[in-house]
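Enquirer: After the structure tokens below, expect a handful of questions from me.
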Amino acid sequence: MAIEDNINLKYSNKVIQKIGLCVCLYDLLSASDGLIGHGTGLINVNVEFRMIVFRPFKNEVMFGRISSSRPEGINIRTKFFNEIWVPLEKLPAGTYFDTTEGSMVWEAEGGMMYFDNHETVRFRVEEEEWNDAAPVGPKREGVEVERKSPYKLVVSMEEPGMGPCLWWDGDVGGEMEVDG
């Protein structure tokens, strides 16, 4: 049990470049006999294991909730992942940011359709953005260091059936379960 706990402690809720967001240990495939370190008393065990990893594939359709909107696009989150971005050009033609509402609005043939905050939406994964999250060294006074997310999804909602589920499914109560 200690091996599993240590694997989860080391990898869970962390992004491994070009692998994805590690969620938790799935199973332990093999473990060597423990070797006691000379002079330290620490035990070294070589293990082979599998992790559950979040890394959606390109063109995968997913559900999430709108967390915020700004003139450049919409931020979406799932229950455990917040770095999902829909740029304005990946929204339906005729979409603009309404400053009075603080949300995006799609001017469709049937009227105004709103991308409200906390609304459940359906979107398609377009690309992944990987950023090296290496340590940045000591802070210098007056210098602000830009921190980028190590893993971000760029998605689209420009196709029919994408966008707020309320538009397409009639989910009036907003009780749809959000997959992650």
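Just so it is clear, glycine is given a Cβ too, placed from its N, Cα and C backbone atoms.
Annotated domain 'RNA polymerase Rpb7-like N-terminal' per TrEMBL: 2-41, in sequence order. TrEMBL lists 60-168 with the feature domain 'RNA polymerase III subunit Rpc25'.
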Enquirer: So how many of the residues in the domain 'RNA polymerase Rpb7-like N-terminal' (2-41) end up helix, strand or coil by DSSP?
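Expert: In the domain 'RNA polymerase Rpb7-like N-terminal' (2-41), the DSSP-based counts are 10 helix, 17 strand, 13 coil.
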Enquirer: In the domain 'RNA polymerase III subunit Rpc25' (60-168), how many residues does DSSP call helix, how many strand, and how many coil?
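Expert: Summed by class, the stretch gives 7 helix, 53 strand, 49 coil.
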